[in-house]
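Colleague: Sharing a structure with you now.
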Amino acid sequence: MGTNAPLRREPLARGPHEVYFKNLSKQKQKEVMEKNGNNHKLRVCVATCNRADYSKLAPIMFGIKAEPQFFELDVVVLGSHLIDDYGNTYRMIEQDDFDIHTRLHTIVRGEDEAAMVESVGLALVKLPDVLNRLKPDIMIVHGDRFDALALATSAALMNIRILHIEGGEVSGTIDDSIRHAITKLAHYHVCCTRSAEQHLIAMCEDHDRILLAGCPSYDKLLSAKNKDYMSIIRVWLGEDVKTRDYIVALQHPVTTDIKHSIKMFELTLDALISFNKRTLVLFPNVDAGSKEMVRVMRKKGIEHHPNFRAVKHVPFDQFIQLVAHAGCMIGNSSCGVREVGAFGTPVINLGTRQTGRETGENVLHVRDADTQDKILHALQLQFGKQYPCSKIYGDGNAVPRILKFLKSIDLKEPLQKKFCFPPVKDNISQDIDHILETQSALAVDLGGTNLRVAIVSMKGEIVKKYTQLNPKTYEDRLELILKMCVEAASEAVNVNCRILGVGISTGGRVNPREGIVLHSTKLIQEWSSVDLRTPISDALHLPVWVDNDGNCAALAERKFGHGKGVENFVTLITGTGIGGGIIHQHELIHGSSFCAAELGHIVVSLDGPECLCGSQGCIEAYASGIALQREAKKLHDDDLLLVEGMSMKKEEIVSAAHLIQAAKLGNTKAESILRTAGTALGLGVVNVLHTVNPSLVILSGVLANHYVNAVKDVINRQALSSVKTVDVVVSNLADPALLGAASLVLDYTTRRIY
């Protein structure tokens, strides 16, 4: 790959959310400014303590600086920014052309527990004078560092409003306690995920003062363009390094178990040495235990090892390019489980420091290791893989939301915080003045006849639906899918929906782990060995899940329908073909070769009609829409279909509906065909009952109502007495395939344990 090649994971273009927020009426902002008195500008103090929090605060600072008619910005720098051993990272703030109002040396060296406490105390001594001089209307504090606790404590005691970024999250170590302590001191909260928002509400924070915005750093990550990224890689790793053929390592001490975290770091370095790949190692942060970790690096000769580059700091813009094109990132930094997911780079998360964080599927957890072997094996599993881009922590439009939130703050409101004690306010939607989106999924249904795309909300409401005929060729079909998905994603902004991912329901045998259609019957032509995940994920920059339509119908019933709360049940789809899905102990069964629940191809007669799968006597050959249409054509060709009360136009195509209508009007031959079809379906259900013994059978699809009584009759006549009590019901879901595709997204759990 040449130095002028495009970024491997193409970044998002300017998103529709950004346009939406830029086009918002400024009436509300004017009203608030009038309340605050004579167009008073909001004086905002942003305090940054280290390289990590600056990467989150910088996009907000740029946004504030760009709107001088609304804001005055004061920047305070403290903590490890001002220490040479940690890279003197205050310089990157100056390089970004921000005026630093105050520099506070607050770190007491020692890198142990006592030094952390003394550093907090020193900051508490120095901050009051600074805040008295600045007199900010609001202080922006980020995250969970001990320095941030000193900032929040000082501001709260001096009656300065606090906006806390990234509250409500869960990780490991003392960081959790510090983060939640800052939450209780803060007046306003900007969180990154729905779970974090729920945690804040559960902590009795006022829902009206919580903004679900996403992570500000994602605004930069998802718009990062640097065609000359190879020069950055060469500067930090050497001239001979190729993309995806190096590792970025960033590991910090765990302050609640320093001894164990140092041992884990030692094992990590041993594994990296054995793995024998070029590795960029960043020095740890200033927490207790960092001095010992640096000693381990020097003991093992990392700074002089030919495969390693050890650095104190990498500018964030360059760090983005390094992790975007790495073969793997390893360590316990929150950056690995948060920001790196935006590029789909494989990550190995070590130890307990990030326990509880929401992670993308690119993250493999090694919770504990007593030898280097487990870490080495994790490297072998992860290195060089490419995962779908994850947007768990943001969609690239956090800053416009945060600026709008800041403009809505009324300084005339009482400063004293109010806590919302249980019962907790129901969090169905955001306050309209903060954020309007409803979390949703893009659902795609690839049927034998139609191709449908829908926006589906978390509650299962189909907000918007698009339908087209399913093209006959692979190229046309994929082009149409992408076109319809892009159109739906754009429309999602207009209907106030935030798309979390894409779920695809398709006919055929599917490998859901890889997002590949392995094989399909003749119902869908040119539909074998098709990778659906990669092109759609690359085009939309969203995670994509794919599964068989029968499995999706079962998932839809589990989340939205009769199967909700049922431990063991089976769903059968009766439509153009016959499909199904099996839920056993609340989980979907795929089988060893992803062929489980191909219920339409249960053979009920050795010499029955030929099925599209190539076999004979399958349920689908008797009871599917195609089978009924075939029999209807035979009757019509013999002039035996139409009876009194029926008529057909000359050019009208004979269908299964005509057969059903004829049977209802007393056509005995049509009745006999439907009776045989119902019996075949019933025998298939009996086989399923005798095999997996579900407590519920759900018939779904356009033919379900016509078959339900026949299936019950066959069960009463043919099934063992122990399974005759099974409930057989007709689905009450209008679009099980679309709802099932949506549930792939809405129910997906991305955390993996190794």
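Note: Cβ is positioned from N, Cα and C throughout, glycine not excepted.
Pulled the feature table from TrEMBL, pasting it below:
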- Asp549: active site (ACT_SITE)
- Arg509, Thr521, Asp549, Glu598, His601, Glu620: N-acyl-D-mannosamine binding site (BINDING)
- His601, Cys611, Cys613, Cys618: Zn(2+) binding site (BINDING)
- 70-407: domain 'UDP-N-acetylglucosamine 2-epimerase' (DOMAIN)
Colleague: So if I measure Cβ to Cβ from Arg509 (N-acyl-D-mannosamine binding site) and keep only same-chain residues at least 6 apart in sequence, which ones fall under 8 Å?
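Modeller: In sequence order, Val517, Leu518, His519, Ser520, Asn548, Ser593, Phe594, Cys595, Glu598 meet the Cβ cut-off.
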Colleague: Between the recorded positions Asp549, Glu598, Glu620, where is the Cβ count within 10 Å the lowest?
Modeller: Glu598
Colleague: Near Glu620 (N-acyl-D-mannosamine binding site) in space, meaning Cα within 10 angstroms, which of the recorded positions do we find among Asp549, Cys611, Cys613?
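Modeller: Checking each Cα against Glu620 (N-acyl-D-mannosamine binding site), the hits are Cys611, Cys613.
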Colleague: To the nearest Å, how far is the Cα of Cys613 (Zn(2+) binding site) from the Cα of Asp549 (active site)?
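Modeller: Cys613 (Zn(2+) binding site) and Asp549 (active site) have their Cα atoms 16 Å apart.
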Colleague: Could you check which of the recorded positions Asp549, Cys611, Cys618 is the closest Cα neighbour of His601 (N-acyl-D-mannosamine binding site)?
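Modeller: Nearest listed residue in space: Cys618.
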Colleague: Between the Cα atoms of the residue listed as 'active site' and Cys618 (Zn(2+) binding site), what distance do you get, rounded to the nearest Å?
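Modeller: Cα to Cα, the residue listed as 'active site' and Cys618 (Zn(2+) binding site) are separated by 18 Å.
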Colleague: Look at each of the binding-site residues, Cys611, Cys618, and point out the one with the fewest other Cβ atoms around it within 10 Å.
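Modeller: Counting other Cβ atoms within 10 Å of each of the binding-site residues Cys611, Cys618, the minimum falls on Cys611.
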Colleague: Counting other Cβ atoms within 10 Å of each Cβ, which of the binding-site residues His601, Cys613 scores lowest?
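Modeller: Checked His601, Cys613; of these binding-site residues, fewest Cβ neighbours within 10 Å: Cys613.
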